[in-house]
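Colleague: Have a look at the structure that comes next, please.
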Amino acid sequence: MSDVRLIVAGAGGRMGRTLVKAIAETKGAVLAGAIDAPASPLVGRDTGELSGIGANGIAVTGDLAALAGQADGVIDFTIPAASVALAGQAAAAGLFHVVGTTGFSAADEQAIAAAATSIPIVKSGNMSLGVNLLAALAKRVAATLDEEFDIEILEMHHNKKIDAPSGTALLLGEAAAQGRGVDLAARSDRGRDGHTGARRPGDIGFASLRGGTVVGEHWAIFAGPAERIELVHKAEDRMIFARGAVKAALWAKGRAPGLYSMMDVLGLKDF
Ligand SMILES: NC(=O)C1=CN([C@@H]2O[C@H](COP(=O)(O)OP(=O)(O)OC[C@H]3O[C@@H](n4cnc5c(N)ncnc54)[C@H](OP(=O)(O)O)[C@@H]3O)[C@@H](O)[C@H]2O)C=CC1
Ligand SMILES: O=C(O)C1=N[C@H](C(=O)O)C[C@H](O)C1
């Protein structure tokens, strides 16, 4: 079978650089192009050199359209506005789209879902095996316990992260809400400050910490009367997300159009 040809979007970023490395290490995947913000000072730079693996002859560019003909799909860890635009461009060019970006608005989510009617899009707030397994466990625990157990999602990330709660926190909250059979939007408590009053039974709370170089740590806490269950995941290296994204890309090639998640890729939907 021929190699899956991939374009990395956000190639100059923390995840983009890690992806270039992960693709180089993956049999059956090849880096076909790279893009970053059109005004980025990194446009023209060699992506292998940026990633610390040595020159690979693939330069950072600023335009997906010029590369589309030489690729099967795009792996995208950028910012919401860029991911929405890329979903439209990928749909127009018939490329699959793997979206790792987080921090989307409801309108962004709708635009991506619309693009997924014509191409396969795999989108997840966390591409690692461990977090997706944790989400499956959180769903089960939430389904087992009643509202006597308060659900709190806590996350900590590095001091450069621009969105909160993290995509992973929302993914875990959604899993817990599904397990409990409630609508997350209606039961979320995001950010307490001042005289908040007592916790509303049945809410799913979110709290975010930022500092240092923490790659990503998440807790799903089930706090009940006189006992507490904590499900925890600690990412130690961005390679876990990059390897997951490359796995999603290999899975997406040739798939029917649709909006998929890492649960689909990892076969955890019915866990
Ligand atoms: N789903 C998952 O498993 C994971 C998701 N993430 C998410 O991925 C995203 C990126 O994270 P991270 O790599 O740390 O962030 P960075 O800020 O390091 O990287 C983002 C990159 O996207 C570039 N960019 C901005 N606009 C565009 C555009 N229009 N076209 C192409 N590239 C563009 C930025 O360029 P410039 O700096 O020049 O603006 C930058 O190089 C975040 O949303 C983060 O939450 C992160 C890790 C794992
Ligand atoms: O911005 C990050 O770094 C990360 N973002 C994702 C998120 O928002 O959950 C995944 C991971 O935790 C790292």
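Just so you know, glycine gets a Cβ as well, placed from its N, Cα and C.
The structure displayed is predicted, hence computed values, not measured ones.
Okay, so TrEMBL annotates it like this:
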type     : residues                                                                                                : note
DOMAIN   : 4-127                                                                                                   : domain 'Dihydrodipicolinate reductase N-terminal'
BINDING  : Gly10, Ala11, Gly12, Gly13, Arg14, Met15, Asp36, Gly100, Thr101, Thr102, Ser124, Gly125, Asn126, Met127 : NAD(+) binding site
BINDING  : Arg45                                                                                                   : NADP(+) binding site
DOMAIN   : 130-266                                                                                                 : domain 'Dihydrodipicolinate reductase C-terminal'
ACT_SITE : His157                                                                                                  : active site, proton donor/acceptor
BINDING  : His158, Gly167, Thr168                                                                                  : (S)-2,3,4,5-tetrahydrodipicolinate binding site
ACT_SITE : Lys161                                                                                                  : active site, proton donor
Colleague: Can you tell me how far the Cα of Arg14 (NAD(+) binding site) sits from the Cα of His157 (active site, proton donor/acceptor), in Å?
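Modeller: Rounded to the nearest whole number, the Cα-Cα distance is 13 Å.
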Colleague: Under a three-state reading of DSSP, tell me whether Gly167 ((S)-2,3,4,5-tetrahydrodipicolinate binding site) is helix, strand or coil.
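Modeller: Where Gly167 ((S)-2,3,4,5-tetrahydrodipicolinate binding site) sits, the three-state DSSP reduction gives helix.
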Colleague: Just checking: which of the recorded positions Arg14, Thr101, Asn126, Lys161, Gly167 have a C-beta under 6 Å from ligand 2?
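Modeller: Close enough to ligand 2 are Asn126, Lys161, Gly167.
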Colleague: C-alpha of Thr101 (NAD(+) binding site) to C-alpha of the residue listed as 'active site, proton donor/acceptor': distance in Å?
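Modeller: Distance (Cα to Cα, whole Å): 15 Å.
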Colleague: Considering only the recorded positions Gly12, Asp36, Ser124, Asn126, His157, which fall within 10 Å of Gly167 ((S)-2,3,4,5-tetrahydrodipicolinate binding site) when distances are taken between Cα atoms?
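Modeller: Candidates kept after distance check: Ser124, Asn126.
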Colleague: Taking 10 A as the limit, how many CB atoms besides its own sit near the CB of Gly10 (NAD(+) binding site)?
Modeller: 25
Colleague: Ligand 1: which of the binding-site residues Gly10, Gly12, Asp36, Thr101, Asn126, His158 have a Cβ closer than 6 angstroms to it?
Modeller: Gly10, Gly12, Asp36, Thr101, Asn126
Colleague: Quick one: which of these recorded positions, Arg45, His157, His158, Lys161, Thr168, have their CA within 10 A of Asn126 (NAD(+) binding site)?
Modeller: Thr168
Colleague: Listing them in sequence order, which of the binding-site residues Gly10, Asp36, Arg45, Thr168 have their Cα within 10 Å of that of Lys161 (active site, proton donor)?
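Modeller: Qualifying among Gly10, Asp36, Arg45, Thr168: none.
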Colleague: Sequence gap of 6 or more, Cβ distance under 8 Å: name the residues on the same chain that satisfy this around Asp36 (NAD(+) binding site), in order along the sequence.
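Modeller: Looking at Cβ-Cβ distances below 8 Å from Asp36 (NAD(+) binding site), excluding near sequence neighbours, one finds Ala9, Gly10, Ala11, Gly12, Gly13, Gly16, Leu42, Val43, Val60, Thr61, Gly62.
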Colleague: Let me spell it out: for each of the recorded positions (Arg14, His157, His158, Lys161), count the other Cβ atoms within 10 Å of that residue's Cβ, using every protein chain shown. Which one has the most?
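Modeller: In terms of Cβ crowding, the pick is His157.
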Colleague: Using C-alpha positions only, work out which of the binding-site residues Ser124, His158, Thr168 is nearest to the residue listed as 'NADP(+) binding site'.
Modeller: His158
Colleague: Listing them in sequence order, which of the recorded positions His157, His158, Thr168 have their Cα within 10 Å of that of Ser124 (NAD(+) binding site)?
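Modeller: Of His157, His158, Thr168, within range: Thr168.
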